[in-house]
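To start, the structure itself, in structure tokens.
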Amino acid sequence: MKKFIHIDMDCFYAAVEMRDNPKLANVPLAIGGNSRRGVLSTANYIAREYGVRSAMSNYHAKQLCPDLVIVPGRMAVYKDVSTQIRAVFSRYTDLIEPLSLDEAYLDVTHSEQCKGSATLIAQQIRADIYNATGLTASAGIAPIKFIAKIASDENKPNGQFVVLPDQVDAFLAQLPLGKIPGVGKVTLEKLNLKGLYTGQDVRKKGVNWMQQHVGNFGVSLYQKCAGEHIGRVSTERVRKSLSVEHTYEYNKNSLQECLEQLPSLLEELTTRLNKQQLQNQVNKLSVKVKFANFVVTSADQAHQQLNSDIFSELLAKAYQRGLQQPVRLLGIGVGIKNQPQHNLQLSILDM
């Protein structure tokens, strides 16, 4: 039987800012750019009570919470704290899969710490993190990987939740499908239209029905709902894509204005590719456009290297779909060849 722990720091960026500036501790706080068109990275729990959420525009957030304090992010500081957190993980297991600066899976199946108890290990890790950083973390513990992630949300903030082996079946049966990683809003709506709302609904349909009506994703979903998808902690990853994007303070009102943004985007993308040593592994170019009405479109083309002319053509193609709508965000990216020799060692700092 496997033992997985999912550790999730509590409103990480905001928590670091509140720790370093006590004046921010009891006010609604968010991390983001200073412009009204900026997008929030995260918000503390006080701000969340007003409906403020990550990925929300500054303008919208201020409408919900006029007293919201927005401070710029300090990524170098967050990375340093993340390194401290990773050091805590390493005391208990070498099987660590970071998902971001503030979140990771741990496989403690064979750990001898805390007499092998995953529950006690999670409790001690959270205490060690607090002692090292002054920050709180929440944890989920389960014999199935994705259940551990779901469980880490159950007692937030600064808590943990355990799903024991003999509780897995009942937990999955009542589980709303929207809580399963990989089931987004659009997918959930399609599943609901087929009468699928919980794990039990999926199990009743059976794997053959799920494949016939939902496709390969339906098979994977059935396996999760049936407790057949145990999962494993992956200590390596293959990067499949790399992209950069900018949200502009003022809308771009013509294709020409958008095209003028390409050189700076291309320079930033080139720098990131070179840093990751992936400049020779490109297999696709892509462009993303978000219009003022928040509709998003993209265009891509197979190509083996960065090419400004192709990016321009793709941008023009995507822009035309907006029917003269102003543009608030532009992004460009590349697909990366799937070659094992370019696997990247997982590092919290890479995510």
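Cβ atoms here come from the backbone N, Cα and C positions, even for glycine.
Residues annotated as domain 'UmuC' in Swiss-Prot, with sequence analysis given as evidence: 4-184. Marked as Mg(2+) binding site by Swiss-Prot: D8, D102. What Swiss-Prot lists as site 'Substrate discrimination' is Y13. Taken from Swiss-Prot, the feature active site applies to E103, supported by sequence analysis.
Within 10 Å of the C-beta of D8 (Mg(2+) binding site) we count 19 further C-beta atoms, all protein chains included. Between the CA atoms of Y13 (site 'Substrate discrimination') and D102 (Mg(2+) binding site) there is a gap of 9 Å. Looking only at the recorded positions D102, E103, the densest Cβ neighbourhood within 10 Å occurs at D102.
In this structure the C-alpha atoms belonging to the residue listed as 'active site' and D8 (Mg(2+) binding site) are separated by 5 Å. DSSP gives D102 (Mg(2+) binding site) a coil state; it is part of no helix or strand.
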